[in-house]
Amino acid sequence: MREYVLIFLVAPVFAAILGPYDIPPELPPLNDENFFDRSHSEYETVLTPEDFELGTRITAAMAHDNGDDIWDSDAMYSKDRFEGDIANDNLNASTAELFANGGSGKSEDGKWYNAIKNRLQLWPEGRIPYTISSQYSSYSRSLIAASMQEYASHTCIRWVPKEAADVNYVHIYPDRGCYSMVGKMGGKQSLSLGSGCIQKGIILHELMHAVGFFHEQSRTDRDDHITIMWNNIQAGMQGQFEKYGHGTIQSLGTGYDYGSIMHYGTKAFSRNGQPTMIPKKNGATIGQRNGFSKVDKFKINTLYGCPVEGEKPTTSAPTSGPIVITVKPVVITTGKPPVIQTVSPAVPLKPSECRNLRGDCDDLAKQGWCIRNPGWMRANCPISCGMCIPTKETQKPYVQTTTQAATTTARPQKPVTQPIQPLPPVPPLPPTTPEDCEDLRVDCLVLVSQRYCKISQNFMKSYCAKSCGFCFKPPPTEIPDNRPTVVTTRPLVTLPPAVIRSRSPAPPVSTTTKAAPTTSTTSAAPYSPTPLPSECSDRKHFCSHWKSAGFCEGIFMNYMKKNCPASCGLC
């Protein structure tokens, strides 16, 4: 049954990624090969901006499925792990209290909930360094990126790429099944997203374990809200349905949440296909894997001392969708001397609109993405790029030397969290051709230092060809022209006769023609404006969309120059 649901969900996703002109005749079979390749050499890497862009489009495509992404996976219910997917060593119902805080106690209302109490097991300032296995496919990386984006959008939890100074971090890799440790355990801790786990709701679930949460149905007050059908539980698995004792978990002032993404499904550990848990509230459903409930968001923000969003949302208005602005000179060619009209620099964002939507914005700014793709960074990381009107509540951005001075502001003690609308889908990424020979990953230099140019040549030729020195330029077939080339930052323009005659001619190309910097003319022919070259036209359907998304600059500039020169003004 799960395979049919997957086909229903993924079909529109492939259509959204490929576009209306590139839909394949039939989808590939949905198996593990679509999600990861365990035969590939395994090493630690991080997500890229392209993963987050693709994740946004996949999420938008799935939104058209009317929220039917609710199926629960058997991969979450391992007989060998505590409660099916908790990987902490020697953790069970009898040791959970000792694990959480080593003592006993009682909340004010006598109830215990599902967050750890020991503050040492929380991630400092909500910053969670991570690495991700190189074995995941682009589709899987994008869903993981979309899930991390959910945390950045609704909580102050920031999943950030691991840095050299980070000793404690989460490594995500495709082991057998789905599992995670609860909270920060110290050092490198594993989080598995293997077979049956590449689904956004399950990814959110496992990441929330790492944030510091147990399952909802293990609360002390759970018997007031659900009925456990003990006769339907697999033999020996009754211990997976124990409740936590006093002193084990944190009181966060919330009622029982049937809709929590941390709740078991109705048939967890079932021996006969019948429900093992039944809600006592009429019409309530459990085990949803659509996304955070309002209470989930409230609990995460409360546990980490963030401005609260969720069950008690803030009253600030949501921001509008990101506006991608590409500043390009506009050239008007007439019979008069040319007039260059330039668009004024992008207006700094208002404080109400200025918020980093990703946890790794500072890292991306340091890697130069504010310059390489300013449109995308303005929409996702305006604070880090200094694109905001300075206020006391604005974080300190990473300051770069650009044509527009960055605004330096003060970093607050705690990030300001505001509810926002889901990001709109972005246009498809332009494909990268081998002849462009550009690095397509931001961590290429790191991979080069780890000798992957030798041990994984095929992978590095595809993603880090420039850093590895795999770029190939064919020998010239014509005699090169050694005359100096004038490089200008302004587009080619056609000049009137008076301006042309005032310029000194370039060295003659033939006995009958004289070359000028921008216009060719003969001594006998009357003046006429030189038309644009016939090949200066867009060759792709999505050129205008790619331009508005900022792809005329950065790593895709060579591709856009070849395929979308008219839209990008690169003729």
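Just so it is clear, glycine is given a Cβ too, placed from its N, Cα and C backbone atoms.
Swiss-Prot lists Cys156-Cys306, Cys178-Cys197, Cys354-Cys388, Cys361-Cys381, Cys370-Cys385, Cys437-Cys471, Cys444-Cys464, Cys453-Cys468, Cys536-Cys571, Cys543-Cys564, Cys552-Cys568 with the feature disulfide bond. As annotated by Swiss-Prot, Zn(2+) binding site applies to His205, His209, His215. What Swiss-Prot lists as domain 'ShKT 1' is 354-388, and the listing cites sequence analysis. For 407-420, 509-527, the entry in Swiss-Prot reads compositional bias 'Low complexity'. Residues or ranges marked as region 'Disordered' by Swiss-Prot: 407-426, 500-530. The domain 'ShKT 3' annotation in Swiss-Prot covers 536-571, and the record cites sequence analysis as its basis.
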Using the centroid of the Cβ atoms of His205, His209, His215 as reference, list every other same-chain residue with Cβ within 8 Å of it (recorded Zn(2+) site), in sequence order.
Glu83, Asp85, Ile86, Ser180, Glu206, Met208, Phe213, Phe214, Ile261, Met262
For Cys536 (disulfide bond), the number of other Cβ atoms found within 10 Å of its own Cβ:
12
In whole Å, how far does the CA atom of Cys381 (disulfide bond) lie from that of Cys388 (disulfide bond)?
10
If you measure from the Cα of Cys552 (disulfide bond), which of the disulfide-bonded residues Cys156, Cys178, Cys385, Cys536, Cys564 is the nearest?
Cys564
So, three-state DSSP: helix, strand or coil for Cys156 (disulfide bond)?
coil
At 10 angstroms around each C-beta, which of the disulfide-bonded residues Cys178, Cys564 has the fewest other C-beta atoms nearby?
Cys564
With every protein chain in view, how many other Cβ atoms are within 10 Å of the Cβ of His209 (Zn(2+) binding site)?
23
What is the three-state DSSP composition of the domain 'ShKT 1' (354-388), stated as helix, strand and coil residue counts?
17 helix, 1 strand, 17 coil
Spatially, which candidate from the binding-site residues His205, His209, His215 is nearest to Cys543 (disulfide bond), comparing Cα atoms?
His205
On the DSSP side of things, how many residues of the domain 'ShKT 3' (536-571) fall into helix, strand and coil, could you say?
20 helix, 0 strand, 16 coil
Given the model, what does the mean pLDDT over the domain 'ShKT 3' (536-571) come out as?
79
Near the Cβ of Cys306 (disulfide bond), how many other Cβ atoms are there if near means within 10 Å?
19
